[in-house]
Amino acid sequence: MTTFLRETSIVFNRQLRMNLRNPAWVIIGMLQPVLYLLLFGPLLEPVIGQLGVNQYTWFVPGMLVQLGIFGAFFAGFSLIGEWREGVIEAERVTPASRSALLMGRLGRDLLQLLVQALILVALGLVMGMDWNPGGILLGIVLTILLGGACAAASNAFALTVKSEDVMAPVINLVMMPVLLLSGILLPMSFGAAWLDTLADFMPIRHVVDAVRGAFFGEFDASTMGWGVGWTVVLFGLAVWWGTAVFRRENA
Amino acid sequence: MIHARGLVQTFHTGRGKERKEVHAVDGVDLDVEEGEVVGFLGPNGAGKTTTLRMLTTLLRPTAGTATVAGYDVATQPVQVRRSIGYCSQVGSTFSGAYAGDEVVDHGMLYGMSRKDAVAKGQELFDRLQLDGLWRRMPKNMSGGQKRRLDIVMGLIHSPSLVFLDEPTTGLDPQARANLWEHIAGLRTEQGATVFLTTHYLDEADALADRIVIIDRGRIVASDTSDNLKAQVAGDLVDLEVSADEHVAVARDKLGSLAPDVAVEGRHVRGRVSRAGRAVPGLLRDLESAGVALDSIEVARPTLDDVFLTLTGRSLRDAEATAEATDPPGGVPPEAGATPSPTTTTTSTGAAR
């Protein structure tokens with residue numbers, strides 16, 4: 001276990017060092033949550049107002065999950081570059097654990113997500129979001145796990161197809177229904193009943209509901225159960241997939 | 001160091017009705033002793049890289065067994081990885097990271113402490129003439145520097161066995177010659193056993209104690225360069241006569257020594273055994289027959305000739321036909337534009 005953690009931290013440090021050397025990565029990463037909140041917030045304010053709830057407490061969790069999913073979906077792109085230059089192969093001839101090669105990279109993505117989440121929440125609080133420390137903490141943890149699932153899946157997919165030209169359209173294809181059916185921007189109850197029913201089959205919708213519930217301080221057993229359950233399941237599946245791909249022969 | 005028996009790698013290509021089985025490696029037996037430098041030679045797509053990937057635990061053999069550095073590649077991959085260094089033909093470092101950082105991280109993944117990895121890395125940078133490039137990014141390095149950096153990456157944990165996959169593909173002649181010196185130094189200075197693949201004949205000739213030739217997934221020969229060349233019937237003698245009317249006489253005279261004589265313009269060529277002894281007599285005969293020569297070349301057989309003798313095809317023809325069966329995935333396209341520096345028959349370069 002200590003070897004695994006050591007190897008993971010070597011991979012993590014390497015990734016972080018390379019990213020921090022890239023100012024664009026740092027600045028865009030920081031700006032993203034700010035822009036989301038400042039630009040989308042005013043647009044959605046009147047709509048959410050109809051629900052009769054604090055619009056920032058409603059809106060920030062959605063932004064949080066969106067940040068978690070969409071940022072993480074792109075994590076695989078840098079992996080393709082590394083693969084092309086032989087880095088993945090070089091790492092795979094070392095005795096290092098295959099899951100460490102994945103987890104070190106996930107660590108970097110999750111650290112970025114955590115920093116973004118903290119900025120988003122802090123800004124939300126400044127703008128008048130409700131203060132439910134326990135709920136906010138749970139919401140951030142769920143977001144990080146969901147982001148980890150998406151990043152692991154993105155890495156696994158990237159190393160399977162090894163082509164940005166395949167990655168980009170597939171991510172777009174996946175993002176559209178996720179954005180539509182998760183109720184990230186607008187409540188699903190605003191739409192047609194069939195759409196709402198369809199959305200029940202979208203796991204991320206349940207995660208969004210749970211994070212939102214937590215931010216409101218409403219820990220409804222059913223909502224939390226589905227949300228936490230799906231998050232853990234998605235995380236487990238994606239990490240398993242990612243490790244399998246790193247272990248596989250032609251990766 | 002390496003003992004492989006009946007190694008097979010089968011993959012599938014195409015879909016549905018087009019689907020067929022390709023035997024990239026089809027029953028390879030291989031033995032490499034400690035301290036040897038072995039050249040693994042064959043045309044593109046012959047199964048060199050696939051064999052190498054099986055020996056380095058990157059690819060699980062479809063069938064057969066192999067022990068590398070005393071460990072089984074299938075059941076003890078971690079021990080194998082600890083004992084070997086591998087320089088793949090695609091490279092090993094990220095273009096936008098500092099060279100030194102990449103080397104240190106790589107060493108640490110082998111379990112070295114940061115301090116040891118830095119010390120060893122700097123020592124290797126010095127030895128491979130990369131001093132001063134510790135904080136240079138690979139994207140700002142020359143091709144030769146990058147390949148030497150790959151070798152540093154492969155040597156950071158002091159492996160007793162080093163695999164080099166096409167180490168000089170795409171380098172200019174000067175950088176190749178320089179890299180050859182360093183590869184030769186792997187054994188003399190590091191005491192490492194070296195297994196290198198190449199499709200350059202002169203490279204195998206220059207570096208390896210022993211040459212293993214693979215064609216269509218099978219080993220077709222394994223011997224020293226000299227012994228392999230001895231299998232080819234004789235040295236190539238190429239006479240260029242000064243006038244067209246002398247061609248017929250020259251052909252007859254050379255024909256008395258060589259079984260097959262080919263004529264091309266004013267060039268008359270044939271293989272003569274022990275040319276060193278036969279040629280002075282030939283020249284006297286030609287002179288007395290009134291035939292003047294513009295040039296004469298005598299070439300020792302090249303490994304290309306060996307390959308032709310063994311397989312009935314020249315290396316170039318083999319490459320052309322093998323292209324279609326290159327394994328998918330894992331093996332990036334080789335620099336197709338790289339001209340082979342080994343010219344065939346008329347070259348005197350074989351004396352190397």
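Yeah, the Cβs are placed from backbone N, Cα and C, and that goes for glycine too.
Just so you know, TrEMBL annotations are computer predictions that nobody has curated.
Because the structure is a prediction, the values reported are computed rather than measured.
Features as listed in TrEMBL:
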TRANSMEM  A:24-44  transmembrane segment
DOMAIN    A:24-249  domain 'ABC transmembrane type-2'
TRANSMEM  A:56-80  transmembrane segment
TRANSMEM  A:110-129  transmembrane segment
TRANSMEM  A:135-158  transmembrane segment
TRANSMEM  A:170-195  transmembrane segment
TRANSMEM  A:224-246  transmembrane segment
If you count every Cβ pair below 8 Å, which range out of A:24-44, A:110-129, A:135-158, A:170-195, A:224-246 shares the most with the transmembrane segment (A:56-80)?
A:135-158
Same-chain Cβ contacts of the transmembrane segment (A:110-129) under 8 Å, 6 or more residues past its ends?
16, 19, 29-30, 32-34, 36-37, 41, 54, 56-57, 59-60, 63-64, 67-68, 71-72, 136, 140, 143-144, 147-148, 151, 215
Same chain only, please: residues at least 6 beyond the ends of the transmembrane segment (A:170-195) with a C-beta under 8 Å from a C-beta of the stretch. Say none if there are none.
40, 44, 47, 51, 62-63, 65-66, 69-70, 73-74, 154, 157, 161, 201-202, 204-205, 207-209
Taking a Cβ cut-off under 8 Å, which residues six or more beyond the ends of the transmembrane segment (A:135-158) line up next to it in the same chain?
61, 64-65, 67-69, 71-77, 79-80, 83, 102, 105-106, 109-110, 113-114, 117-118, 121, 167, 170-171, 204, 207, 210-217, 219, 227-228, 231-232, 234-235, 237-239, 241-242, 244-245
Same-chain residues at least 6 beyond the ends of the transmembrane segment (A:24-44) with CB under 8 Å of its CB atoms are 55-56, 59-60, 63, 66-67, 71, 112, 115-117, 119-120, 123-124, 127, 185-186
